[in-house]
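According to TrEMBL, the domain 'FAD-binding FR-type' annotation covers 287-397. Annotation comment: TrEMBL describes 12-31, 51-72, 103-121, 167-192, 204-225 as transmembrane segment.
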Amino acid sequence: MGNCVENEGLSIFVVIVWLGLNVFLFWWYYLVYDVPPKFFYTRVLLGRALALARAPAACLNFNCMLILLPVCRNLLSFLRGSSACCSTRVRRQLDRNLTFHKMVAWMIALHTAIHTIAHLFNVEWSVEARVEEKGTLAAVLSSLGDNPNESYVNFFRKTIGNPVGGLYVAFTYLAGLTGVIITLALILIITSSTKTIRRSYFEVFWYTHHLFVIFFIGLVIHGAGRIVRGQTAESLAEHNPEICYKNFTHWGKKGSCPIPQFSGNPPMTWKWVVGPMFLYLCERLVRFWRSQQKVVITKVVIHPFKTIELQMMKKGFKMEVGQYIFVKCPAVSKLEWHPFTLTSAPEEDYFSIHVRIVGDWTEGLFNACGCDKQEFQEAWKLPKIAVDGPFGTASEDVFSYETVMLVGAGIGVTPFASVLKSVWYKYCHDAINLKLKKIYFYWLCRDTHAFEWFADLLQSLEAQMQERNNAEFLSYNIYLTGWDESQATHFAVHHEEEKDVITGLKQKTLYGRPNWENEFKTIAGKHPGSRIGVFLCGPEGLADTLNKQSISNSEADPRGVHFIFNKENF
């Protein structure tokens, strides 16, 4: 449909360019090692496995250069807020940083597999060539370097057969040992990054992900052993391998081809990754500096549905709507940082987060704040908190549209608390210059208790809009997705009352799930020719649904209605 370019176009362009560069690098370096005479004799020993090992190595260098950039949060926030990077389309791509990070990680895994398998064949054939019967070209090439004034082409210098020879290479050669280490590190990083592990065992994900330090150290020194060797330029000038290989038994004799000389390829990986590694080091230094700044917990509020609110203050802290921070509580863990969306508005003199108690770390924070005790907790007894951020998200762009749809699922409503609070403050101070004219707000939640902490905000905003004779500014729909027949009967009895029995709002709570196709068509009909921002903080399944609806309900005509889909990622 028409808005496919708007919602997915630049992403598809970025992916195509990235995939294209991977294909180009693979093809280019495959030819570099499979065609030129420099590696003619290396190919005699290793065959096509040489090029099949070196081509993915080039792609690994390229992708390892990229993998750290999407997680340089301070850099992305700077680019997002800079005038040089103010395009909405570009900002939306920056918001997909973690998606790109995961794609690059899977590409690294793919090329690592190809590189490793090819080198297994290379090692096997190199070891076999050293113990091969004399009289063959491979045996002669493997013996080069055994005598003075000769340089070797076969990196394996022992005369040990397989499988012992292969194990000897894997655990005594620098290339073999670092290869084993970085492959194991990569396997642990990827397997612990699945959604199940991240949700249920975040600590496992957190600690294993920091194996990237070992991975990059191993990667940089992996090629220092120079086991891939080719004929030197000086040797090629006097020894043409495509001719001389036929008379290999006469090499070095008068009137015949001189003995070929070889040298190892210098390590190149560091040239690819030194820049991103430096940027990431600066990123971590900035995070460390910010984490040392004093944070004061001014208030702890216990909400229903296992949710607590932390209100905090920090000197020089400035935020925008929908941003998020990373929080560390040394009393719970001295190393772990966890992301939380800010639920306060920029206009408030504090910043706040809502934490749902769902795991060991959040349970520890709950107890450290004294929420498990009945008595009042003194302020000085509250735990020390370190904060890194704030960092930008898609929700920052809410005020760039005249019409927006805000969709939150469960605790995913938190970024919109900040947005709605900011709207309320702006209206309290006469929002004459506010571009945003209409908000459609949807909250999907399983349990009635989850509404309670958010209801006061909606009631305040509802009252403010009516007082300003602008009740149409905010249309909200709260959907209860987990309910039984007895609840439904109770709610039906009270349906005619002025206010909803759950939230206390004039808008009645709905049951089940929205018919998104009808919702989009209705909104499109009310706002022809508009660019409507669709903002979601919720599960992937809902993201796919809203993205498809955004595309299918956007018109091909540039002057028609266009839905712009944005999703929170952190």
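For all residues, glycine too, the Cβ spot is worked out from N, Cα and C.
Automated prediction, rather than curation, is the source of TrEMBL annotations.
In terms of DSSP helix, strand and coil, the domain 'FAD-binding FR-type' (287-397) has 21 helix, 39 strand, 51 coil. Averaged across the domain 'FAD-binding FR-type' (287-397), pLDDT for the predicted model comes to 84.
Remote same-chain residues near the transmembrane segment (204-225) are listed as 60, 64, 155, 173-175, 178-179, 181-182, 185-186, 188-189, 192-193, 197-198, 264-270, 273, 277, 335-337 (criterion: CB distance under 8 Å, separation of at least six residues from the stretch ends). The list of residues near the transmembrane segment (167-192) in space but at least 6 beyond its ends in sequence, with Cβ under 8 angstroms from a Cβ of it, reads 105-106, 108-109, 112, 116, 119, 123, 126-127, 155-156, 158, 160, 201, 204-205, 208-209, 211-212, 214-215, 218-219, 221-225, 227.
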